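Here Swiss-Prot flags 1-20 as signal peptide. The annotation disulfide bond is assigned in Swiss-Prot to 61-74, 96-104, 99-107 on the grounds of similarity to another entry.
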């Protein structure tokens, strides 16, 4: 009985920690899952199209699949810089999962 209880407790703690990795950039904090979605958006065919128009927000912000959690970044004057830093993490999220980046917490 004690073994079962201990196993259930450990499994519950592990499940709680799996989704707990957050990525911080300045005052912003995002789940690692939202940051991982940036990689898919960058590889989308519509992200390769570049026009000569000047955008108020970075082109990624206009994509339909852009994570809602990241939308506040699009309103910042340095949004492209923030998204570029998040994109570095999105390219290799495993390094964030083991806390190799200072921006990652909750591993």
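Note that Cβ sites are derived from N, Cα and C of the backbone, with glycine treated the same way.
Annotated pair residue 99 (disulfide bond) and residue 74 (disulfide bond), C-alpha to C-alpha distance, rounded: 26 Å. Under the DSSP three-state reduction, residue 61 (disulfide bond) is assigned to helix. Distance noted between the C-alpha atoms of residue 61 (disulfide bond) and residue 96 (disulfide bond) is 23 Å. With the fewest other C-beta atoms within 10 Å around its C-beta, 99 stands out among the disulfide-bonded residues 96, 99. Counting in whole angstrom, residue 74 (disulfide bond) lies 23 from residue 96 (disulfide bond) by their C-alpha atoms. In this structure, residue 99 (disulfide bond) belongs to neither helix nor strand by DSSP; it is coil. Taking the Cβ of residue 104 (disulfide bond) as centre and 10 Å as the limit, one finds 20 other Cβ atoms among all the protein chains shown.
DSSP assigns residue 104 (disulfide bond) to a strand in the three-state reduction.
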